């Protein structure tokens, strides 16, 4: 069978050599057609895309959003130059912003201290009006009165006004139509323009932008920033490394062509498939690039070696293809399998990253065995002076050392691996989405300012059912108790509950007597107060975002300063437990982006717990077939599995907090690590079978022949992922660092543990029968 | 305020309108603004003299995911000769606001006056707010959408003729005069045959299409006055909608001012 493949490859190689121009033109046409699909590629600007359609936290969240208004909110935080924000100028700024914000795209509601519907008794009537009217003409007494309302009103203090009165915020609610992926971008651009206009009019003030809306936009912007800063760095580094290793301009240029074509082709195919890019999937070009380099490098290294032996360029290329066809095919297919396993993860952007990278990896393989030989045939190639003998000699020395010291090597590496893997449980899942972005990203700084000064971005909301209507005094009392319970938690910055509206109306309708600032005691009375209040509310400031249509449920929102994922889950569960214990009729599930992100890592890792073993099984089957040995297929599990475990162990020591994109690292690591195993084991077995040498000699031979290439490809991959460590998007950076750790562990495993395991596995059988018969019996 | 159209006598106008297409002749030579205003005036003129009316109102509110909620009301209205009409809405459902009654004196110029009778308090409260553009009973109708549509509340501009559901219509833009209105403009489709509003598109302050109101099942009363039995309002931004159904229309009930005042509110049932 191998001969049949060999014959096919030789014929294909000769055909390509003969029709080199045709091959180039066909490649360009094919890749050009693929690339044409890139016109469908868009950037997704909705944080909701990180959650699969079946994600229970997303479903619960959407259900609440469907009952009330959607809340894609931009928080506009305004800091005055002085100590207090209750001065004519700052209030004018807030008032102007509030008014002009009505012109922003997709706006349905604006809340601020100035348009807050302040209620007061006016004789026997209820006066409902903007808290601040004509701010420039306010007297000092009026300013003091406004301040007193703003820092004491439960609906304002800790949300739209800081409790110390130093900072104010405007909450701009957008309702996107969902017709275009540019809607968020458009809204944010207009908001920033409005901010700039007002900063020009009020130059002493500072304005910060945060909220879920800015977060969505930042996901896209951070990726754009990554593309602009990381891609050039990545390609520059890559060209240097490949040139230093190959020492040939033509070969380096050809490699770059293969990489660019694979990347462009895969991105175009993603466009045809209707994938829209997100922060994770936007890095797929870099993943493809790192993976694609290896294919070309292996073929070119063999080519140069053969040419140095005196073969012509054409002959050497055909022979190089014959030698590398299977390993390159196998590494590509197993890498693709590893990447495709990510489809088991919960987050669609991770599927996209896996699928685009898998397509790129297959395309890179196809192009490496077709376009690459054709390019080499067309352009003059100067065989670089023999080098690398130094590296090969070092590698051989390492091999000999390992063989000599197999017992200590085995025990020490086994112990270290075991110790590292024992650390895995120390990792804690944590997705703090504000901290996804580092300080280079404005959103992070603005959100930190907001959290430090006025209100948080981490919320938890409940739609609390009221079986007798929201005006039921018993219900309102329970809301109040729930609110007070939340305020016992020092991390809670604000609680929004409709019970506060009823208290205020009760006071207003009793001539503003502070004694009456308490919940109404009769249901009909409360309902009629509310009706009166509702009839007085202006456009866009209605109660539809806090009370449902039937008035049988109300929205209860708790705002926190930063919360870790674990804290979010614990807080959520304790809140839900409080309801069950103290107000069973109000039992509800807490929902919010923070809640969704609190579970995202766990969901992704637990779904990958199915995906990885399946991918591993597929890869092992391929290896058993390719190595034509069940035993060596099983032995391959050691170098395939250990490095991943060791990497997570290292991570526990280094950082200890894992986020959802790290489940992607598992697939990438699997794909990459298997490549090393294939190269090492196939060369070892080839040496054992074709040269009939002892296992010890075969190990040394393997070190000499593939050692340098393994080192260089690992170095390239590590460099690629190290570049990604510089990403301003923390999930990308951390996932990349983990992958680098995995690559390093894989190299150590392949150079230390794998050889001694091979020697051990090979010895038993070798004492009874020859290697050849063993292989043939297991292959048949 | 003086327009040449006033000189055309009523009989001539009616005769002209009998022949489809020729009714347009009366607007020949007018600017788009004058023509829009003239059409609005004509519609208003055609409905003059209805005196008083009474009807039941049923509102079905729907949210994005299709959950429904019902409001039941009764409506009484009185035509006022030289000012806006007076209306009284008595709420029957939901139960906790049963007996609540809303009295409105609409005015051609300036804010409408409104009072709410709260039976639990046994008190009448004036609604002391200048901005009444919020949703009516949580529905997609703003109070300004269902209040008396006085000619003076808008400025007009005739846009074009268009066929809507097989009826020849005028399409007119009207811009609210009230600065507190939630709308920048409205586009109105009015059939040429009877000057009945068939459809209204509402544009919010940033001039995005916010809502569409369609009128269904027009019936004629007293051989003159057309009343739609069903109004459908759809909010295109929130995907919420409301159906408002009128039933049991009666005219010539003999209502007078005594029923439409603050002290009369408490007696209303």
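From the backbone N, Cα and C atoms, a Cβ is placed for every residue, glycine too.
Note that TrEMBL annotation is computational and uncurated.
Note that the structure is predicted; figures quoted are calculated from it, not measured.
Residues annotated as transmembrane segment in TrEMBL: A:21-41 (among others). If you look at the transmembrane segment (A:21-41), the same-chain residues 6 or more away from its ends with a CB under 8 A from one of its CBs are 261, 264-277, 363, 367, 370-371, 373-375, 378.
Same-chain residues lying 6 or more positions outside the transmembrane segment (A:229-246) and placing a CB less than 8 Å from one of its CB atoms are 252, 255-256, 259, 283, 285-286, 289, 293, 297, 300-301, 304, 384, 712, 715-716, 719-720, 723-724, 726-727. The transmembrane segment annotation in TrEMBL covers A:229-246 (among others).
Feature annotation from TrEMBL assigns transmembrane segment to A:253-275 (among others).
Each residue in the domain 'SSD' (A:254-378) has a pLDDT score, and their mean in this model is 88. Annotation comment: TrEMBL describes A:254-378 (among others) as domain 'SSD'.
The transmembrane segment feature in TrEMBL is assigned to A:281-304 (among others). Residues 43, 223, 226-227, 230-231, 234-235, 238, 242, 245-246, 248, 251, 254-255, 258-259, 262-263, 266-267, 270, 275, 313, 316-317, 319-321, 323-324, 327-328, 331-332, 335, 349, 352-353, 356-357, 360-361, 364-365, 368-369, 372-373, 376, 383-384, 668, 671-672, 675, 679, 709, 712-713, 716-717, 719-721, 723-724, 727, 732 of the same chain lie 6 or more positions beyond the ends of the transmembrane segment (A:281-304) yet place their CB under 8 Å from a CB of it.
Summarising the annotation, TrEMBL assigns transmembrane segment to A:325-342 (among others). Residues 2, 5, 9, 291, 294-295, 298-299, 350-351, 353-355, 357-358, 361-362, 364-365, 368-369, 608, 611-612, 614-615, 618-619, 622-623, 626, 663-664, 666-672, 674-675, 678-679, 682 of the same chain, all 6+ positions outside the transmembrane segment (A:325-342), place their C-beta atoms under 8 angstroms from a C-beta of that stretch.
Listed as Cβ neighbours of the transmembrane segment (A:362-381) (distance under 8 Å, sequence separation of 6 or more from its ends, same chain) are residues 12-13, 16-17, 20-21, 23-24, 27, 31, 34, 248, 250-251, 253-255, 257-259, 261-262, 265-266, 288, 291-292, 295-296, 299-300, 303, 307, 313-314, 317, 321, 325, 328-329, 332-333, 336. Sequence annotations record features per position, and here TrEMBL assigns transmembrane segment to A:362-381 (among others).
Under the heading transmembrane segment, TrEMBL lists A:409-426 (among others).
The transmembrane segment annotation in TrEMBL covers A:605-627 (among others).
Among residues of the same chain six or more beyond the transmembrane segment (A:634-654), those with a C-beta under 8 A of the stretch's C-beta atoms are 416-417, 419-427, 616, 619-620, 623-624, 627, 662, 665-666, 669-670, 673-674, 676-677, 680-681, 738-739, 741-743, 745-746, 748-750, 753-754, 757-758, 761. According to TrEMBL, the transmembrane segment annotation covers A:634-654 (among others).
Marked as transmembrane segment by TrEMBL: A:660-681 (among others).
The domain 'SSD' feature in TrEMBL is assigned to A:668-760 (among others). Across the domain 'SSD' (A:668-760), DSSP helix (H, G, I), strand (E, B) and coil residues number 84 helix, 1 strand, 8 coil.
A Cβ distance under 8 Å defines the sequence-distant neighbours of the transmembrane segment (A:709-729), meaning residues of its chain 6+ beyond its ends; these are 219, 222-223, 225-226, 229-230, 233-234, 237-238, 241-242, 245, 279, 283, 286-287, 289-291, 293-294, 297-298, 301, 391, 395, 436-438, 440-441, 672, 675-676, 679-680, 735-737, 739-740, 743-744, 746-747, 750. The transmembrane segment annotation in TrEMBL covers A:709-729 (among others).
Annotated transmembrane segment per TrEMBL: A:735-761 (among others), in sequence order.
Scored on C-beta pairs under 8 angstroms, the neighbour of the transmembrane segment (A:660-681) with the top count among A:253-275, A:409-426, A:605-627, A:735-761 is A:735-761. Helix, strand and coil residue tallies for the domain 'SSD' (A:254-378), in that order: 108 helix, 1 strand, 16 coil [DSSP]. Cβ atoms under 8 Å from those of the transmembrane segment (A:253-275) belong to residues 27, 30-31, 33-41, 235, 238-239, 242, 246, 281, 284-285, 288-289, 292-293, 295-297, 300, 352, 355-357, 359-361, 363-364, 367-368, 371-372, 375-376, 379 of the same chain, restricted to positions at least 6 beyond its ends.
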